[in-house]
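Report on the structure given below.
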Amino acid sequence: MIEHSLADIAQALASRRISSVELTALYLDRIGRLDPQLNAFITVDRERSLAQARAADERLARGDTQPLTGIPIAHKDIFCAKDWRTTCGSKMLDNFVSPYDATVISRFQQAGAVLLGKTNMDEFAMGSSTETSFHGPTANPWALDRVPGGSSGGSAAAVAARLAPAATGTDTGGSIRQPAALCNLSGMKPTYGVVSRYGMIAFASSLDQAGPLARSAADCALLLNCMAGFDERDSTSLDRPREDFARELTAAAGGRPLAGLRIGLPEQFFGEGCSPDVMQLIEAAIAEYRQLGAETVPLSLPNMGLSVAAYYVIAPAEASSNLARFDGVRYGYRAPAYDDLTDMYCKTRAQGFGAEVKRRILIGTYVLSHGYYDAYYLQAQRIRRLIADDFAEAFRQCDVVLGPTSPSTAFRLGEKAADPVQMYLSDIYTIAVNLAGLPAMSIPCGFAGGLPAGLQLIGNYFTEARLLDIAHRYQQVTDWHRQCPAGHA
Amino acid sequence: MAPSRGCGGKNFYDTLYGSPVYHLSDFVTMSLTLDQVHRIAHLARIEVDETEARSTLGQLNEIFGLIETMQAIDTQGVAPMAHAQDLAQRLRPDCVTENDQLAWRSAFQAIAPEAEAGLYLVPRVIE
Amino acid sequence: MKHWEVVIGIETHVQLSTASKIFSGSSTAFGAAPNLQANAVDIALPGVLPVLNKAAVECAIRFGLAVGGEVAAKSIFARKNYFYPDLPKGYQISQYELPVVRGGGLPIQFGENEKLISLTRAHLEEDAGKSLHEGLGPTAQGRSGIDLNRAGTPLLEIVSEPDMRSAVEAVAYARALHALVRWIGICDGNMQEGSFRCDANVSVRPAGEVRLGTRREIKNLNSFRFLQQAIDYEVQWQIATIEDGGSIEQATVLFDPASGETRAMRSKEDAHDYRYFPDPDLLPLIIDRQWVEQVRAGLPELPAARRERLIADCGLSAYDARVLTASLDLANYYEATVVAAGRKNAKICANWVMVDLAARLNREDREIGQSPVSATQLGGLIARIADGTISTSMARKVFDELCNSGHSSSADEIIARQGLQQISDDSALTALIDDLLAANPGMVAEFRSGKEKAFNALVGQVMKATRGQANPQRVSELLRRKLG
C-alpha cells in the first residue's frame, strides 16, 4: 500500500479493500518505527488521527467521498490546526495549541483526509536544511547524515521514507522544491494567491505559498485540487473559477505527447554554479523531453543573478514585522524572569527565537530602518520587478522554463549550518520564482552518488495544470520518482 | 556606517553562474558597526550580549556583502513590485461575524502566558 | 519682553461608525467586557490575515468630499512597526506614503473671526487596544491588563496644517471638525468614549520668524476643555523655557487634567523609527470615480451650504444660521419646524428652537435627537402663535404640555381641549370692557387725568378676566376707542 498512488489508495478505500483506520494505523506504526532516526515529525497524536480515520470510514461507508477521504496526510507544522500543537519549529510556539484551523487544514478536513501529524521544519521556515528547527534536525532518508533540505524538510523526509502518503509544505524561496529535489519527491509551489495563506504562519507574506509534496505529479495534482481555491479571509487569495489540476493527466503514455512544447533553457541555470553530476542529470532529462516531442529554446533571465540579494532584503523585512507579534503577551513563550516590560520583550524574543530567525529579524529591521529604506527595500522591490519582467519576456519565447532545482544534492548535516551565506545560496535556482510569484515544480530526475537530484519546471502564471502534465509525461517514461530509500520499503 | 570596498574577497556570481556578472570590488559596500547592531537589536526587542553582537556583526556584514550586489543596478524608472499580482484590494461588507465570544475568549486565554478576569497581564506599562 | 507667535497643528483620531472592525468581523460596540470583541485577527494569532471593511473606506471618501480634498484613486496600507502591549501584531496597519485623502480645508469661526484651516491629509488606520492599570485583582499587583476590544476599530486620522495661532483657534478647529464628522455621519462624536481624540503639535517662535520652532506633541486630548488647557499650559511652558535660556526638544507629551500640566512620555523611546513599509497582506486600495460619485450623491448638504441657504430662504441672520447648523440633526429639526409652521414664520421658528427648545433640552441634558417635542408639534404651535390663535404666553403653556405629552398630541388639540384660544372677537371683548369700565370708575378717572399706567392696569384687568386669552393688542385698541 505504501507505494500506491493517492488515486489507487482512494480506490482501495472506496472499494473497502482497506479502511482508513487500517491505513492510518499502518502509517502511524511506520512513524513509530522509523521516525526516531529521521525526526520528520514534531507532533503525532495517534488517538486524534485514528478518530479522524474512523470518521472518514463512516463517510466512506455512506458513500460521501471525495478523492482524499480517508487518506492520511502529514502537514508542515506551519499550518495552524485546531487543538493541535503548532510550533512552526520554534521554541517560541513550543506550547502553542492552535485555537483555530488554517484554511488549508479545513479544506483537508472537509475532504475527509486524516491529519497524520505535524512535520518538522526550519524555524519559522527560515532555512534550507531543517537544521534550524527547535526540535532538532531532520535526517534525509536517502542518507541519514545528510539534510533533507528545507524548510519543509520534515514533510519531504516523511513522504520519502513512506511515513506518509503525501504532505503539505510551504515555499517562500524554494522550501517545497528544494527538499523535494533532495528527497526524490515531486513538489509544487503554485502561483502566488492560488492557495490561501490564512492560518499559515507568515514568514514573508508577499512570497509565501503553500503546496503539495508527494511521490508523483499526479499525486500533487490531487492534493492541489484540495488545497487551492479562493478564500475571503486572505486579501491576496485569487478569486478564480475552480479548476481541476489533474485534468490534463488522463491521456495514456506513448508517442510524442509533448510535441510543440517549447522548453526554455536560461543560460543562468546552466553555468558553473551547479555541480557537474547534477547538471548531467538535468541534461539527460532534457534529452528525455526531446524524446517526448518538446523542443528547447535557449534564453536568458539577465537579472536572475540578483534574486538572492533582493530576496534577502524583502523576505527578512517582511519577516521582521510578521514576527513582531511573538512578544510573550497573548500566547507562546514568555521569558521566566525579567525586570520590566521592555526587558520581558527582549528576553522573551532572545530566548524564544533561534539564531537564524534572530539574524533575519535583524537584517529586516535594519533594511527598513530610517535612512536605509530606499537603498535596500525599494531597490530590492525594483529588482523584483526586473526579475518578473525577465520571466514575462521568457514566456514570450517558451511555454515552460527548465533547470536544476538545487545546485547540489543533499549536503551533510552541519556542513553549511555555520555559514549563512552558503546556506542562502542553496536557493539560487528557486528564489526568483517566488519573487515573480510564478508556479514551479521540482521532480526527481536521477541520482548522483546515490543521492537524488531534482529537475525544476517553471510555468507562467496559472499554468499549474500544464506544469503537472509536463511533469507527469516525464514520469510516465521514467521511474526515478518510484525509487524508495533503502530501509524504508 | 563606514564605507569599505569589496566583500570578503568572495565573488558570488562569478562562481555561481560561470560568466562574470558583477564584480563586487567594482563598487563600494557598506559595513555595519557594533553600535548599529545594538540599536537594531533593541528596535527588534531582541536582547544581545556583547559576544553575540560581535558574532552577529560579522555574519550580518557578510550577508550585506551579498545584498549590496543590488546597488550596482540602475533601476531608475522601474516601479517597485510589492505584490506578485497587480490587483486591487478586495473589500469586505461591514458585517459582524463573531458570536460565542465568551467561549472564544476562554479558548484564546487558555494559551496566554498570563491572563486574569478576561485581561492579558503584562508588567506594568509606563506611559 | 519679546512677542511670541504660537503655531499649532492638530492630528485627530476619529473612530468611524462602522458595525465591524476595519480588518476583522468583530463588533466595534463600546463597553463590552474585556476581550469579548477581540477575535483571532484582533489578538493577532499566528497566521491570521486582514481584510478591509468597505464601510470604513466609504467613511473616508465622505470625509474627503466634505472637506474638498482629493480622494486618492489608489492608496496603500503600510505597517507602522513598534512594540506595545496594546498593539497585538507589533505593528499598526496605517497609511503612509499614499493616504486615502489629501488636502482640503475646514472653515472655523472664533468670536467674530473666520479662518480656513488647510488639511494635509486623512488616512485610514486601526485603533490600538487599551492598557488598564487600575482596578486589577490582588494577584495582578504591578501588572497592567490588556483589553483588545478597541484594537482594530477603524480610525480616520485627520492631519491639519500648522495653521492655528492660538488655543482658541485650535479649539474652534476641533469643534468644527467634530461637528463635521458627525454631520456627515462617519463618527458618533462621543468624546468620553474616545471616538474623537486630538493630538496637538505645539511650537512657538519669535514674532516675524519664518522658520518653525521645535514642536512638542500633546497626545490624546479627548475634550475641548483639555485641548484648551493643555495648549495654554504648553505654550506658556515653552515660552518660559526659552526665555530662561533653555531650548525645546522634540517630544511626545501627555496632559494631566488633575495638575493641568504636560509631561514627556517615557514609552516612546524609539518613536522615530517606525520602519514603515507597504503591508504585503493588503493590496492597493483602488477607489474609482463611480464610487466617489455614488458617495457624493449620498452626502447630506454640507454645513456651509446649509447656512447660506437658511440665510437666503429663511431670512436668518448669519449668527442664527450658524447656531442652527451646529449639527445635522438640529438643522433638520429646524427645517422641519419651518415646514410645519410655514416659511413666513421661519424667524419665529428660529427663536423658538434656539431659545425655548434649547433651554428645555439643556435643562434635561438631552440632544436634539431626543427632543420631547417633535418638529411637527413645535411648528404647529408656532403657526397658532403667528395666526393669532394663542398669545405667546399661552404658547409657552402649550409648549410645556406638548413636552409632557410624549409626542401624542398636537398644539391644536391642547388649545382646543383647554380652551386656550385667544379671544379676538370684538363683540365679546367690547362687552367685557364695558363691564370693566363700569366697575372701575376710579381707574378711568386716573387715566383721563393723564396717568398712562392706569391704562395698562385696565388692559391687565381684561387679560385677568379672560385668564390671559384675550388678544392684548385688540383689547388695547378697543379700550382706547372707548376712552378716546
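Think of each number as a place in line: the chain as shown, counted from 1.
Using the three backbone atoms N, Cα and C, a Cβ is placed for every residue, glycine included.
No curator has checked TrEMBL annotations; they are predicted automatically.
Predicted, not measured: the structure shown is a model, and the values here were computed from it.
Record features, source TrEMBL:
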ACT_SITE  A:Lys76  active site, charge relay system
ACT_SITE  A:Ser151  active site, charge relay system
ACT_SITE  A:Ser175  active site, acyl-ester intermediate
DOMAIN    A:22-468  domain 'Amidase'
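With a 10 A radius on its CB, A:Ser151 (active site, charge relay system) counts 35 other CB atoms from all the protein chains. Counted within 10 Å of its Cβ, the other Cβ atoms near the residue listed as 'active site, acyl-ester intermediate' come to 37, all protein chains included. Between A:Ser151 (active site, charge relay system) and the residue listed as 'active site, acyl-ester intermediate', the C-alpha separation comes to 5 Å.
Cβ neighbours within 10 Å of A:Lys76 (active site, charge relay system), excluding its own Cβ and spanning all shown chains: 31. Annotated pair A:Lys76 (active site, charge relay system) and A:Ser175 (active site, acyl-ester intermediate), C-alpha to C-alpha distance, rounded: 11 Å.
Mean model confidence of the domain 'Amidase' (A:22-468) amounts to 97 (pLDDT, 0 to 100 scale). DSSP assigns the residue listed as 'active site, acyl-ester intermediate' to coil in the three-state reduction, outside any helix or strand.
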